[in-house]
Every structure is written in structure tokens, then in C-alpha cells.
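Encoded as C-alpha cells, the structure appears first; notes follow it.
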Amino acid sequence: MGKEKTHINIVVIGHVDSGKSTTTGHLIYKCGGIDKRTIEKFEKEAQEMGKGSFKYAWVLDKLKAERERGITIDIALWKFETAKFYVTIIDAPGHRDFIKNMITGTSQADCAVLVVACGTGEFEAGISKNGQTREHALLAQTLGVKQMIVACNKMDSTEPPFSEKRFEEIITEVKSFIKKIGYNPATIPFVPISGFNGDNMLEPSANMSWYKGWSVERKEGNASGKTLLEALDCIIPPQRPTDRPLRLPLQDVYKIGGIGTVPVGRVETGVIKPGMVVTFAPQNVTTEVKSVEMHHESLPEAQPGDNVGFNEKNVSVKDIRRGSVCSDSKNDPAKESKSFTAQVIVMNHPGQIGAGYTPVLDCHTAHIACKFAELKEKVDRRTGKKVEDLPKFLKSGDAGIVELIPTKPLCVEAFTDYAPLGRFAVRDMRQTVAVGVIKGVTKDDGSSGKVTKSAQKKK
């Protein structure tokens, strides 16, 4: 074993019939963690079902069905390798919680792969007003997925097949709309592929001799290549934010006999280590960390991405709960958010949203009702420019800047300061009706808080 490869997360987006499953299935099948036995089983079933042409999508359909039924799938199935990376596909749309997962940031994607279908009429349907191509791309941008790869799929079904003219026509159109939502086309590889036949997936295709390859220009270094796999290999790996102040939203708080209170959660930014004096918001409780554990082993320090449990002195289960945020009391400690301003995009609300609307917000691990106190402005969701001041309502498809007031104590942050604590989903009627990114927060100065004895000594 040489040096471990870097882990990166991708999200695969695009219109419903663009071939996301086939393309993803192909990568997992050829470069991934599915063993030969499973593949043979799938192939046999596909043949018996008359899907003899064996679409790679079959692999994904099987996995999805298991995922939907709540069977935990061997997660290796959603991974594949490139020369440089272990790639995890963190979600594929079509999964009902896709949008919620993307926002509450079960994991943050490092790159989005936008799949567009090049068949006659197919591309047009996907990019039309009702298509999902734009919505998914806009979501990725809004939620801070900075890198993108565009896979122009189904090149085998253009007229004539593998048409250079059609490819050029499509990338011109895609470049124009992704530029409008805030991506720079010069940094994006455009790869003509057939996810089904494998053209330009792992090896350059003989069917598209006209294709000279993709190239990107970016400050981290230029890159070029011919295949989708090479494009994935050129993703810029994320900088894990260890240098930021600590933010650790709690997923649970356990009471363990003989040990005491053990909060559990994922470090989003900064580091946590024994001896640190931490403050929990919004409760404003300050105490000392006795020990930090991951997988039952004690750690000298936990970093972003680590799921840890840690032991606290003199804090009861009543003091803190899921949704509380742990921070370093000496370095920009987290505080209760009295109100916050956010840019929201209304996605599928049957009526309209006006001042006074009070749905539940899912932000990091918190799940709290917040009131839309004021609609400040309506903005063009494609350009972000203001189109109207103090609108009466926002309806599906609209974007706006709003002021929100939590109905119970809550701790959130501006997206630019702490991204994982600065994006949220608005849930109502058992679905995601809007998504938002927090622009600014009015914080409580938190003068009245509880400080344990050990924390006072440390001061």
C-alpha cells in the first residue's frame, strides 16, 4: 500500500432521463467496489427480465431499491477509484431526500457532475422551463458546490450518431446558462460520452475522432484530458477547514453511567481536543472537554469530517441537546441567533409564502420552526439581481432575501463564515418547499450563561 488516496465526494445531477444512473452505474461497475459475483448476479437477472442489453443502470436500480427500503447497503457500492482519488457518490437525484440531503449537508459535495442528454429533443426537454437541468445546477451553485463537470451523454443517439455539430450546439447552450447562475465555463470540462456504450468514459472513443479533448483554466492549475474519468481525476481536492474556529453541531447527547454526559457530532470546522474550554450555543453553557473519542479510541485531537463523542465536566443532559453547536470559548464562540437574513429559493410550494409563514427549518442538525418575519426583496434567481423591493409574496420558482426569526433558541451562522451551518432546507407538508443560504445573523451577546467550575479555573 502506497500513500492513501484522497477521498472526494461527488453529486450527480441532471434531468430525469439524462442517463445519470447508467453513467454512474458504468463508473461503479468498471472502477468500483462491486465484486464480480454481484455483477454476474445482476447480469443474470437483467437477462431474465428481458433487459438483456444489460443497462448499467440496473446496478444502480438494485442499489437504489435497497437504499429506499432502508437496507443499509455496503457503502463500497457507491464508491469508485480514479488514479488520484477514492470517489464517493453522495447522492443521486431521484432519491426522494436528495434535495434535503444536499442541503443539510449529510456530506458536502466537492464537485457536481451535470449529465445532459444529447439525443434529439431530449436536451431541449431537460433544459426547458420545467426541466430539472437548470434547477439542479442552480441548487449545486446555491449550496456551495464550487466545481462542475458536464457529461454530454447519449452521443450514440444524436443524428447522425456521434455528431460534432450537436455536441458544439449543446455546450454553447449549457455554457450560457451555467454562466448565468455563477459558474465559470472556462473551469469546466465538457466531455461527450455514451454512458451505455462506454465512449469517452474510461478510454478515448474511436467514434468521435473529431473530439480533441477537454481543457480547463483555473488558478490552481490548468488541466486537460479526453475522458470523464480523467476529468474526475482533475477535481481540486477540498481544503478541510482545520484553521477555522471550532464548530461542531451535536447529533445526540448521551448519558453514560460512570462517565457522564457524552455529546456526539461531526466536526465541521476547526479542531476539538481534551483540555479545551468549549461553549455550547444557543444554551450558552461553557465547560471543559475531558476526552475526545472516535470508534471507541481516544484521540489527541479531532478534525473536520470526524464523527466524535466527547466527555464534558458537570454538564447535564438537560443543558444541551441535538442541534446545539459546540465551539471554542476563546476563539469566536458560537452564540444564539436572534434573527437572520437569508437568500431563499422557493421550489415546490403549492401556494405562496408571505410574511408570518412559519415552517420548520433543517439547518445542520437543528430542526426548528422559524418565522418569515419580512420579505425584503425578490431577486432574479438566474442572475441574483434585485427585481422588486418588499414583495408581498414569494411563489414556486421565486428567489428572495428574507428575514427569519427562530421560534425557539437556535444557533446558525452566515454561509460565508461557516458554510455547513449556513444553509438550510424549509420543510412543510412533508417535503422540501424551499432552500436557503444565510447572509447575515443577529447574535445574542450571551451575557447570561452557565460556566462550570472547571471552565472558570481554566480562565
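Note that Cβ sites are derived from N, Cα and C of the backbone, with glycine treated the same way.
As stated in Swiss-Prot, the feature region 'G2' covers range 70-74 out of the listed 70-74, 185-189, 225-229, 270-274. In the three-state DSSP assignment, the secondary structure recorded for Glu301 (5-glutamyl glycerylphosphorylethanolamine) is coil. Under 8 Å, Cβ to Cβ, and six or more positions away along its own chain, Glu374 (5-glutamyl glycerylphosphorylethanolamine) finds Ala355, Leu390, Val402, Glu403. In the predicted model, the region 'G2' (70-74) shows an average pLDDT of 40. Applying an 8 A CB threshold to same-chain residues 6+ apart, the list for Glu301 (5-glutamyl glycerylphosphorylethanolamine) reads Val271, Ile272, Lys273, Val292.
In terms of DSSP helix, strand and coil, the region 'G4' (153-156) has 2 helix, 1 strand, 1 coil.
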